[in-house]
Structures are given as C-alpha cells and as structure tokens.
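Chemist: This is the structure I have questions about; it appears just below.
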Amino acid sequence: MFALRHFNSSLLPHWGDGSASVVEAMVTAMEQQQENVTAVQNQTSGVISVVLPMSLGIISNMVALFILVNAYSLQRRRSKATFLLFATSLVITDFFGHVIPGALVLRLYLTGGQSTEDSSDSMCQFLGGSMVFFGLCPLFMGCAMAAERCLGVSKPLLHSSLVTKTRTKVCLSVIWLAALCVALLPCFQLGSYTYQEPKTWCFINVLNDTMGVDVAFVALFSGLGLTSLAVALVCNTLSGLTLVLARIRRQPGSHHSARSHDIEMVVQLIGIMVTSCICWSPLLIFALMSVIHSSSRTVGENLTNYQTLMHIGVRLATWNQILDPWVYILLRRTVLRKIYLIVKCQAGLKDTVMGRWEKSLYPSLDQKEVQQTTPLCLLACFFSDLK
C-alpha cells in the first residue's frame, strides 16, 4: 500500500492529471476496502471472544445454582446450610457479574468501540463500576466463607452460637454494600473510570493522566482484593490443618460423618481460593503497577506493554466467574466419591489410608460390594447422581 500511495510521484505526471486522479482514487478505494476488511475481522473476533465465554458462564452458573438450591432445600445441618447460602449468593453474584458487564462489552464491540471522545460518559461509568463491584464481591465472599469454615472447624461450639441464617444474610448484605460503596467512589470525585485499550471496556483510570486520587482508588481496590485472598489463604490453611490433626487423632471405629462434611466444604473453599488467586491476582497487581508508573511518569514507551497486561488481566478475571461454579459442581462429596471408587476399582488399591475412610464416609456401601463393583456400574452411577 505504501508503494502504491507514492508511485504516482514518479509515474503519474507522464500520464496526465486525469489519469493520476483515477489511479489515486483506485489506490484510496483499495486502502479503504482493506481497512474495512480488517475492521470487520477484528469486530468478528472480538464478538466471538465475548459471546463464547459469556454463554459458558451463563450455563455454568445456572447448573451450579440449580444444584445449590436443591441441596439447600434438602439440608438439615445448620453449618452446611450456612455454607450453601454463601455459595448460592456467590453463584448468583457471579451470574450477574458475567451477564451485565459482558452485555455492555458486547455492545461496545458491535458499535466499534468508544463512541464518544468523552471518557466520562454514563455507559463507561456504569461498566467500570460494575467491574469493580462484581470483582470485589466474589473476593469478599470467598474470604467470609473461609473465615466461617475456619471458625466452624476449629471452634464448633462458638460457631453454633454465633453463626445463624439471619447473621449470614446480614453479612452478605454488608459485603454487597461495601463493594457498592467502593464502586461508587468516582461519583464523589475519588478516582475515575475511563476507556481501556482497545476502547471496548472501561475500568479504573490507571494509565491516562493519573492523579493522586486515582492512585489511592487503585490502591484501595487492589489492597482489598489481595487482602481478601490472603485472609482466605490463612483461614483455609488453618481449617485444613485442623481437619488433618483431627483425622490423625481420631480413634478407630469412631463416627465422623460431620467431619466428612467439613472436609467437603474446605476442599471446595480451597478450590474457590485457588481459582480466585489465579484469575484475579494478575489484574490486581497489574493495575497497581500501572498506576504507580503512570503517576510517576515512567511509563513512556512501555505504555503499550502496560495496556496489554491490563487486557490480559481482565480476561483472566472474567474466567473466575466461569470457573467458580465448576468448583462446587466437581468438588462435591458425591462426585468425589464416584471418582474415588472408579480410580480404586481400576487401580486395585487395597489396605491404604484412603481405604480406611471408605466405611465411615459412605456407610451405605458395603465393603464387599465396593470391591466387586464393576467400572461400568460405577460410571453409570457417576453420571446419574448430580444431587
């Protein structure tokens, strides 16, 4: 294209002004056509990159919500009911956190990106606030769930006297309110939202003429997120160590069905924590790095690199709302039991530490029956039981 644009400087004068105008028009048309094709290709790939994860997230959250509501209606143990209430709220939050920002981003892709030069338009403000709100809520909930389980495992009597359904609902309301207050800070000129490259999503201003309030806003957002992950890590570690010690000290033949429920919940919390760390830590860290370098005016030629890091970070954060439901779907005791039985049947494991768990965890299964179960029967049982 560059050669075509400049070749008239040497050849076109010999053709005359009329011929030169025709050739210039043809070159311009070819360039415009190429730009249109590239724009359509970028728009199509962008729409696909939004629609596919959005559809997967909706399906995942709906399946998890159905299982959770069914399990909550059948649950009689108060500690398990509290955990299911937290988990249900987390799935509902993830569902709306996937649909609302996803629909806005999809609209921006369909309209070709930023539709106005004003970065403070209402759509950008709403999209940025939604991303902050629906980003903090799962992190806060994961932290609260880990703290609740740590108390339930280490101090069960204190847990039974303190934790009730009413207080759980109050805790959830406080979490939603706290996340909303942080998301609304730009409305009081405490930070700002702006379009991020490639102008198809909005987030906290971390690269464009950042000021002190922007640094404080990003530090607050990243600090709250990373602190929530750290608290969840500590609580889940304490819960896991408590359960391991209880397992070691347990007398042979003692009943520990309650502990099996605790193990299930702690395993699910660890899965949620690991997923949140992998998906959210990059965005929290990249945002903090970007705003610090931007405020000190040291971004310079690395601006494109920081924009790319932010784009990668938000893509990873989006997958958190897709993977969270599958943590509960796949790490349920029913599913883990079937997987364990299939693996044991195939590998022929006998007289192991896992074997000693079997009778107390699953009293409905006779030992002889388990050993004689065929892989085909186990597979049928695995796929038929989703409760």
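Every residue gets a Cβ built from N, Cα and C, even glycine.
Unlike curated entries, TrEMBL annotations are predicted automatically.
I grabbed these lines from TrEMBL:
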- 60-328: domain 'G-protein coupled receptors family 1 profile' (DOMAIN)
- 47-69: transmembrane segment (TRANSMEM)
- 81-106: transmembrane segment (TRANSMEM)
- 126-147: transmembrane segment (TRANSMEM)
- 168-195: transmembrane segment (TRANSMEM)
- 215-245: transmembrane segment (TRANSMEM)
- 266-292: transmembrane segment (TRANSMEM)
Chemist: Do any residues of this chain, six or more beyond the ends of the transmembrane segment (215-245), have a C-beta under 8 angstroms from a C-beta of it, and if so which?
Modeler: 132, 135-136, 139-140, 142-143, 145-147, 149-150, 153-154, 182, 185-186, 190-192, 204, 206, 259, 262-263, 266, 269-270, 273, 276-277, 280-281, 284-285, 287-288, 291-292, 295
Chemist: Counting only residues 6 or more past its boundaries, what in the same chain has a CB within less than 8 Å of a CB in the transmembrane segment (47-69)?
Modeler: 84, 87-88, 91-92, 94-95, 98-99, 102-103, 105-106, 109-110, 318-319, 321-326, 328-329, 332, 386-387
Chemist: Sort out the residues at least 6 away from either end of the transmembrane segment (168-195), same chain, that have Cβ-Cβ distances under 8 Å to it, and list them.
Modeler: 82, 85-86, 89, 93, 113-114, 119-120, 124-125, 127-130, 132-134, 136-137, 140-141, 144, 148, 201-205, 208, 213-214, 216-218, 220-221, 224
